[in-house]
Amino acid sequence: MSSKKSSLAALTLGAIGVVYGDIGTSVLYAIKEVFGSGHVPFTPGNIYGILSIFFWTLTVIVSIKYVVLVLRADNNGEGGLIAMLALASTAVKDKPKLRRILLIVGVFGTSLFYGDGVITPAISVLSAVEGLEVVSPAFKEGVIPITLVILFCLFALQKHGTAGIGRYFGPITLIWFVVIALLGISQIVTNPAILKAISPHYALLFMWHNPGTTFIILGAVVLCVTGAEALYADLGHFGKRPIRLAWFSVVMPSLVLNYFGQGALLLNNPAAVKNPFYLMAPEWALLPLVGLATMATVIASQAMITGAFSVTKQAVQMGYLPRLNIQHTSVKDTGQIYITFVNWSLFVAIVLAVVMFRSSSNLAAAYGIAVTLDMLITTTLTFFVIRYSWNYPLSLCIAATGVFFLVDLAFFASNLMKLFAGGWFPLLIGGAVFTLMMTWKEGRGLLNDKLRSDAIDLPSFLDAVFVSPPARVEGTAVFLTAEPGTVPNAMLHNLKHNKVLHQQNLFVTVRYHEVPWIGMNKRLEIESLGHDCWQVTVHYGFKNDLDLPKALQQIKGRGCELESMTTSYFLSRDTVVPTIGRGMASWREKLFAQMHHNASGAADFLNLPNNSVVELGSKIEI
């Protein structure tokens, strides 16, 4: 029992560090943006109303929607938009039109994650460093350079992995939550009546008397739920119970105390609106608080970067992105990965965001549209999971998700007002990623259709070949083929140029499925084709690590003896040639051809030994 408790405590501490870093640092800027906008006069009724809106936003969106409802929609224990997309699309596989719509919506939501992934580290680190301006105005000119240096160091460290320092994320973030709670309490004791704002009637009164202002400030209120998606995205790492326990026991109480403390400070000193978070602290504590805030925002940014790597890997394995060079940075933890292209693309985009917007207040204008649209998409997919995967009655599905849909829609509509003030930036990034993902998916479909139409039936081909068999050489040849039962181009080229066949020949097709994990007991299917030839199908989930040589070891004892020293892997390196008048638009075909050209080779992707790989090229028109 004690070991279970210690395991739960460790997972809960880990969840505090990874899952809640982003939402935990929103106290740095959320209240400041609502009152600093000038839309809300400093009256006790308005301050009570805003705090009440904050409290009930956290309660409805995070506590009820994500912690209670969405966490239930796991895909074999995994969470995140891709996992939910796989769950929803599988549930409606007998409705092809609806399935395609859901796939497009889900892919768009996944694309928006990258836009969010640019804004979050930029606004978090920048808002922490801006605390130096409270220490001394002389630091103002150094805020952006210091922010850029911190971000560069963060991204430069990624290739070395974070397993070593990752164990400190939970304790540091826990200290952060304790500190922000104490800061809030220090102000609440000066005006305990501020706690009355927990009552929803203050929020309702404010909205009733200020409908126009309410609509406008929702664009800033949404900042208090930044990172809510992480609760679901990190489900597979920690599990439901630790995530829920961390939220209700530590995170939400600390956030509420801090927000209410900032409200109490503003009641006593409206001038503190320039930076209410830091001005809650005594002067002697400012520099240590800036240091702690910077560490907390770096941890929050790290969680976002790690999430970007994980989402990219899943998208690659589900066929929405080309193969990328994925490096494992930890021997013990297979989830610790590094993708060079994603890392430095994110860094460049974040630097652009910091340099273009120059302050956390300006970045707050860019934040919101992508996040609220993502929340809308999550609610929509949740509806289809409840309806078609859980088979609940339609009325219950509407009741369960309808309120959340309306709340998300209100936040999204409010944030649309920030479109030209900066909201376009994450949308532009998300739109670009969406274009790449859909172009790759459709391009691969066209390419596979072309390969299928030109394919030669493998059993018939082998029968013809062995009428007058070529010379056999020792060892095993592994030919990769997109479709089982078809002759791979690499084999045709090998016979044409080398005029030999190996003693054993494996025709291997790798299948990716819309489930997170497929166990080793279901990894392999093997079928004898005669003449010491076998058709092998290897199955992977979208979170499995790919290692084809390891998977093929299961063949031993099933009629084929595989020795790594005498095994050669024959791959076809196809060059895509765009043509006019078929398939996609011309510019998309050219884009797909370029993506295909730049894709990482199958050898690296499938972890094949470099000294055993033979690549043979061919051209394919689409």
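Any Cβ shown, glycine's included, is placed from N, Cα and C.
Annotated in Swiss-Prot:
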type	residues	note
TRANSMEM	8-28	transmembrane segment
TRANSMEM	50-70	transmembrane segment
TRANSMEM	101-121	transmembrane segment
TRANSMEM	137-157	transmembrane segment
TRANSMEM	169-189	transmembrane segment
TRANSMEM	203-223	transmembrane segment
TRANSMEM	247-267	transmembrane segment
TRANSMEM	279-299	transmembrane segment
TRANSMEM	337-357	transmembrane segment
TRANSMEM	366-386	transmembrane segment
TRANSMEM	393-413	transmembrane segment
TRANSMEM	419-439	transmembrane segment
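Through the fold, the transmembrane segment (366-386) approaches residues 61, 65, 69-70, 73, 81, 84-85, 87-88, 91-92, 102, 105-106, 108-109, 112-113, 115-116, 119-120, 123, 219, 222-223, 226, 228-229, 232, 353, 357, 392, 396-398, 400-401, 404-405, 408-409, 411-412, 414-416, 418-419, 421-427, 430 of its own chain, all at least 6 residues removed from its boundaries and within a Cβ separation under 8 Å. Between the transmembrane segment (101-121) and the stretches 169-189, 393-413, 419-439, the greatest number of Cβ pairs separated by less than 8 Å involves 419-439. Within the same chain, the transmembrane segment (169-189) packs against the transmembrane segment (8-28): three or more Cβ pairs sit under 8 Å, each pair at least 6 residues apart. Comparing 8-28, 279-299, 419-439 for CB pairs under 8 angstroms to the transmembrane segment (137-157), the maximum falls on 279-299.
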